[in-house]
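Working notes, structure below.
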Amino acid sequence: KQKCTQCNLFRSAAEAGPHDILKLYNPKGNIINISPGLEPNSPNSCYKLEVVAADCNSEPLGAELAGALGFDLSSMEKRLQGLEKKILIEAGETPAVVYEMKKQVDSFQIKLESVEHLSWLGLFKDLSEGTHKPSPFYHKRTLRKTREECEHVREKFLQMSSLEVSEEVRQYLKTPTFDNWQWEDAEIMVLLQVMYTDLDFIATFNIEPEVLQQFLFEVYRRYNNIPFHNFKHCFCVTQMMYGLIWLTDLRSKMDTIDLLIMLTSAVCHDLDHTGYNNAYQINARTELALRYNDISPLENHHCAVAFEILEKTENNVFRNLSMDQYKRIREGIIKCILATDMTRHNEILNKFKSILPVFDFTNKDHKDVLMMILIKVSDISNEARPMEVAEPWLDCLLQEFYNQVLMPEYQFQQYDGLFHFSCHDQYLLYVIFIVMCLVAIFFNKVKSEVTDVGPISFNSSCSIYLSSE
């Protein structure tokens, strides 16, 4: 009852609907948990309450839009559909002018469903603080990339792929503070190509440049247009993995083929993600849940799509390897991608803790656990990046959860909207902190065997950095 009362109080204060997502900031600008134990604020030290996403189908929002626009968009759409139907019956075909009107109404409606276009109505937070921030609204009808969109990006990528990336960018790419929002998809593919080149994978495994480019394009094509688990997320995870490889000098401690497994696993780890998590897949009894018997349905699907891409000779970056090498790579990629299922978090974490005192780089089982830990660190590392990079990702993640909540099948799952979302960032920071602390302990333990690498530590934002002694 206390939670319900507080929930209604905050929603009333923000003039928010029952399904809207709220975020609360303290006077320092930090996100804080909305809970019964919240300390009172004062006129000189105010909390800031924001609606970061709203239900576009809700009546209050529809009424506010109608008032601001001077007309009811849904009513206009129905009238236009009725007019189109009447003309079709009488004339036998839709006149071009009516078809064009319908296109314009559809286009306008899609724009109105975007935070970027709704912000001028005062319904969402101001995005002008950082022009690189993405809109957290994504329309369900644009889940898959269109052929035209893919071909446009492919053409740009191929044009840029032969250009030399500056040394400054190459060094920046090795840092955990890298800002992904500054780069377009075609440029991201060029940066992924740089990673494979600078880790000597091209020369060591005889990977033809055109095959690598085709592989990266197919990977790009198979990531969907969804708020969080998209191609940019794939890049962020891969970039963090790449940065960790350099920062901890893993090149001197592990075989190159293991590094290839780790980087390629990061590239492929969320292929064809539709934005609905494993709990949803299982409770809604989707095709994936049935196919994989409720066992990590998404992660199994990501693996399957990865090797489906690699089955085509023109995409297969491993085609010049021996059968034994390919078998080792396939086994490693499957282990790494399946490790990203958060239901296995404690299991993998406990394994890592148990081997820390006796860790041996020559022990395959030990290395396998380390590789699983590193992809987990990379997968949840967004919140460990600088705030201007991390915060838009949190908004995207909340929007993806919000889209899932709106699905009819979500009735199978327990949901307390306000507290579920307001606690999520705290949970993420807790998980990230524990995992990264263990990784820091591990690499500090072996630092005497790693040349030119200082101890790894954390600042107050859980950002990982290397300090000099």
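Count begins at 1; order follows the chain as displayed.
Each residue, glycine too, has its Cβ placed from N, Cα and C.
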Which single residue out of HIS152, HIS233 does TrEMBL record at the Zn(2+) 1 site shared with HIS269, ASP270, ASP379?
HIS233
Mean predicted confidence [pLDDT] for the domain 'PDEase' (146-469):
86
For the recorded Zn(2+) 1 site formed by HIS233, HIS269, ASP270, ASP379, which further same-chain residues have Cβ atoms within 8 Å of the site's Cβ center?
HIS229, CYS234, VAL237, ALA266, HIS273, THR340
By a simple count of other Cβ atoms within 10 Å, which of HIS229, HIS269, the recorded positions in the record, is least packed?
HIS229
For each of the binding-site residues (HIS233, ASP270, ASP379), count the other CB atoms lying within 10 A of its CB, then report the residue with the highest count.
ASP270
Which secondary structure state does DSSP assign to ASP270 (Zn(2+) 1 binding site), in the simple three-class scheme?
coil
